[in-house]
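Visitor: The following feature annotations were taken from Swiss-Prot:
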{"type": "DOMAIN", "residues": "44-262", "note": "domain 'Radical SAM core'"}
{"type": "BINDING", "residues": "CYS59, CYS63, CYS66", "note": "[4Fe-4S] cluster binding site"}
{"type": "BINDING", "residues": "CYS103, CYS134, CYS194, ARG266", "note": "[2Fe-2S] cluster binding site"}
Amino acid sequence: MSASTTATLRHDWTLAEVKALFVQPFNDLLFQAQTVHRAHFDANRVQVSTLLSIKTGACPEDCKYCPQSGHYNTGLEKEKLMEVQKVLEEAARAKAIGSTRFCMGAAWKHPSAKDMPYVLKMVEGVKAMGLETCMTLGRLDQDQTEALAKAGLDYYNHNLDTSPEFYGSIITTRTYAERLQTLAYVRDAGMKICSGGILGMGESLDDRANLLIQLANLPEHPESVPINMLVKVAGTPLENADDVDPFDFIRMLAVARILMPQSHVRLSAGREAMNEQMQALAFFAGANSIFYGDKLLTTANPQADKDMQLFARLGIQPEAREEHADEVHQAAIEQALVEQKSSEQFYNAAV
């Protein structure tokens, strides 16, 4: 199968086709992925995002990989919903170190009615700084997606995690169909989709292929596809899972690039365990987005200065961002404070 034929957008991939991509010689796969990548992106630019946990721990879901699940004793301290001012201060810091997108994550099964007004103000404030906005809040209903879109949310993250066949071995508190329904609501509301999965949970090659097929065969490809390598956390059921072979991880990125040629493929969780050579291979395979900063929700991430040093050595530049003066950042923070104090719909999230 030539690179030129896979550079077109398809939504009808079969398991046989995708497995054939996975098992071809490594150099052939990377050549094909890089060729597709260059047809749609500047191969020497990477989109940079920062992820902030706005509500940590005590999640009612039982995802076996997650240290935030209330089902497991991981030593993670529960934190309540962060206040708007603090979120906007963190967003300003993220932009100052080069992020173009600010992602906010809450450890919920779904956001409650009392939380939504607060979350919407976060979106509005971050958007006012000129940053792209992204949130991951769990399952959404149609009204919630429409409210987030109206507030200016650009991306909603809702990962499929793995294949439909393997999913029940990892999560029992939310169905695969519910995840797909949330993605449909997000798309119908006019927002962009961020959705991917995790390697290293005991899944098979078929499972990895079927995860990518689920994503690539959606009516529209996700604009962002995060590929995570399991971060093994003591206290979770997967703390002793086998390591992912580095070449298998690179193959996953390359096949994702070929199947979804116009999507940003994000090198996401697990990057702390990757050496510079593996990260360089990931970029060559078509990864063109990273999370930037010292922490990814609750697990370590390479330090920001190390990322910039690696970019410099590889000749990679962060994607361009919209510039706003410091006064705009401060005005957004101050406006959020005024609205929070004057509106009776807000509650003290620190209590």
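Heads up, the Cβ atoms here are built off N, Cα and C, so glycines get one too.
Mind mapping these onto the model and telling me what they sit next to?
Guide: Restricting the average to the domain 'Radical SAM core' (44-262) gives a pLDDT of 90.
Annotation note: CYS59 ([4Fe-4S] cluster binding site) sits in a strand segment as assigned by DSSP.
The number of other CB atoms found within 10 A of the CB of CYS194 ([2Fe-2S] cluster binding site), across every protein chain shown, is 29. In three-state terms derived from DSSP, CYS194 ([2Fe-2S] cluster binding site) belongs to an extended strand segment.
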Visitor: For ARG266 ([2Fe-2S] cluster binding site) and CYS66 ([4Fe-4S] cluster binding site), determine the Cα separation and express it in whole Å.
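Guide: Between the Cα atoms of ARG266 ([2Fe-2S] cluster binding site) and CYS66 ([4Fe-4S] cluster binding site), the distance comes to 19 Å.
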Visitor: Taking the Cα atoms as reference points, how far is CYS134 ([2Fe-2S] cluster binding site) from CYS59 ([4Fe-4S] cluster binding site) in Å?
Guide: 20
Visitor: What does DSSP call ARG266 ([2Fe-2S] cluster binding site) in the simple three-state scheme?
Guide: strand
Visitor: Could you say whether, by DSSP, CYS103 ([2Fe-2S] cluster binding site) belongs to a helix, a strand or a coil region?
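Guide: CYS103 ([2Fe-2S] cluster binding site) sits in a strand per DSSP.
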